[in-house]
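Report on the structure given below.
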Amino acid sequence: RCKPCFTTDPQMSKKCADCCGGKGKGKCYGPQCLC
């Protein structure tokens, strides 16, 4: 499960992608990173 995400974090989309295993994967939705 990915860490909580915060839309205020400019690095968040990269963190989401890294957590989800690749570029273009993972979205910051609500407080959670969804893969």
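Yeah, the Cβs are placed from backbone N, Cα and C, and that goes for glycine too.
Here Swiss-Prot flags CYS2-CYS19 (among others) as disulfide bond. Following the DSSP three-state reduction, the secondary structure of CYS2 (disulfide bond) is coil.
Same-chain residues at least 6 positions away in sequence with a Cβ under 8 Å from that of CYS28 (disulfide bond) are, in sequence order, CYS5, PHE6, THR7, MET12, SER13, CYS16, LEU34. Annotated disulfide bond per Swiss-Prot: CYS5-CYS28 (among others), in sequence order.
Marked as disulfide bond by Swiss-Prot: CYS16-CYS33 (among others). There are 22 other CB atoms within 10 A of the CB of CYS33 (disulfide bond), with all protein chains counted. According to its DSSP assignment, CYS33 (disulfide bond) is in a strand.
Sequence annotations record features per position, and here Swiss-Prot assigns disulfide bond to CYS20-CYS35 (among others) based on similarity to another entry. Of all the Cβ atoms in the protein chains shown, 16 others lie within 10 Å of the Cβ of CYS20 (disulfide bond).
Here the CA atom of CYS20 (disulfide bond) lies 8 Å from the CA atom of CYS2 (disulfide bond).
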